[in-house]
Amino acid sequence: MTSLKNDRLLRALTRQPTDVTPVWMMRQAGRYLPEYRASRARAGDFMSLCQNPDAACEVTLQPLQRYPQLDAAILFSDILTIPDAMGLGLYFEAGEGPRFKRPISSRADIEALPVPDVEQALGYVMQAVRQIRKELNGRAPLIGFSGSPWTLATYMVEGGSSRDFRKIKTMLYNEPETLHALLDKLSQSVTDYLNGQIKAGAQVVQIFDSWGGALSSAAFAEFSLAYLKRIAAGLIRENEGRQVPLILFTKGGGLWLEDLAETGADALGLDWTCDIGRARARVGHQVALQGNMDPAVLYAKPAVIRAEVARILAAYGQGAGHVFNLGHGITPDIDPSHVAAFFEAVHELSAR
Ligand SMILES: Cc1c2[nH]c(c1CCC(=O)O)Cc1[nH]c(c(CCC(=O)O)c1C)Cc1[nH]c(c(CCC(=O)O)c1C)Cc1[nH]c(c(C)c1CCC(=O)O)C2
């Protein structure tokens, strides 16, 4: 394997000093980039883009080609590949987001679900990881990812995106054992999936617990946190002679940072509702922190973006352990030149 020329991300995630604060962005390969829209038009639809390793590799590298400051690549794929591999029939309805042809509604449905063999059913993801690593040629580390069991379960039970989580919360309160059976199977699948990505070459992994914040504190502990802990304990933590850091991103998880820091993760992703300085005071002795600019700041003019970056850097303060990111994914209608202003500001204003 070629040596890594930019290890800022790996250093910051393990709380070692860096020359500047590393930066990457959730959904950095996506519709705000004209080159992505062109690749997507050539592929036809989003899942064809994910399932073709050449195309997935191409779009993963697009933001790194455009922005020299980027300190990481993130695998181009989706969290819903696991339920798709379990046979739920994923499709995307224009303007409606993800949908499943065969959602889960009963204990029998759950018992019939396979734990996918990742090299078989998700071999296209592993192949994309291998190819991206080769083409990155050490330019920056590659982040692999998965959804959390709870977040995947919301899509599988609701049949798609949801605002109120009516079906899955009815299951959670009426039949908790049924939901536990599903989360148990998903934890095994997520562990296998992330370990497969690590073996194929992912140098960092992030778990997107995007809907953890929809739960009460008690339900979060029982139906999300417990499974995050189990996954953290089952992951490969060292590969190619280096630590493979684990980042946990629970959107809306600011109230539970102390609990999240106890899971065994190396870093916590923060959404924009928490103050990163206060978060550091609570858990910075245990974990690195990633975040946390409001993605909507990127609608503002470059001088405002720069001031907001300065504010967040100052709130974190001096010392190691900060990875700059947005508090959630970038939205499709952002001007790519505003993203350039964002990345430039992070490196310029954090130079030590
Ligand atoms: C909830 C969730 C999903 N997918 C994902 C999450 C968790 C992250 C989060 O909290 O936002 C994760 C994801 N999805 C995508 C990535 C790629 C890596 C990256 O650049 O960050 C990642 C990490 C690409 C994508 N995933 C999707 C797109 C847009 C697809 C397109 O080209 O139309 C991209 C670039 C599709 C997708 N996939 C999903 C949704 C809700 C959508 C949006 C549907 C829409 O807005 O039309 C499910």
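Here the Cβ of each residue, glycine as well, is placed from N, Cα and C on the backbone.
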Site co-member for substrate according to TrEMBL, given Arg27, Gln28, Ala29, Gly30, Arg31, Asp78, Tyr155, His328, out of Ser106, Ser187, Ser189, Ser210: Ser210
Alpha-carbon spacing, Asp78 (site 'Transition state stabilizer') to Arg31 (substrate binding site), which is rounded to whole Å: 14
Fewest other C-beta atoms within 10 angstroms, as judged across Arg31, His328, which are the binding-site residues: Arg31
Same-chain residue ranges lying at least 6 outside the domain 'Uroporphyrinogen decarboxylase (URO-D)' (143-159) that approach it to Cβ under 8 Å: 9, 24, 72-75, 77, 79-80, 82-83, 86, 88, 98-100, 103-105, 129, 165-168, 171, 179, 182-183, 186-187, 190, 193-194, 197-198, 202-212, 214-215, 223-224, 227-228, 231, 247, 250
Chain-internal residues, separated by at least six, CB under 8 A from Ala29 (substrate binding site): Tyr36, Val59, Thr60, Gln62, Pro63, Ile74, Phe76
Among Arg27, Asp78, Tyr155, which are recorded positions, the residue with the most C-beta atoms within 10 angstroms of its C-beta: Tyr155
For the domain 'Uroporphyrinogen decarboxylase (URO-D)' (22-31), the number of residues DSSP places in helix, strand and coil: 0 helix, 1 strand, 9 coil
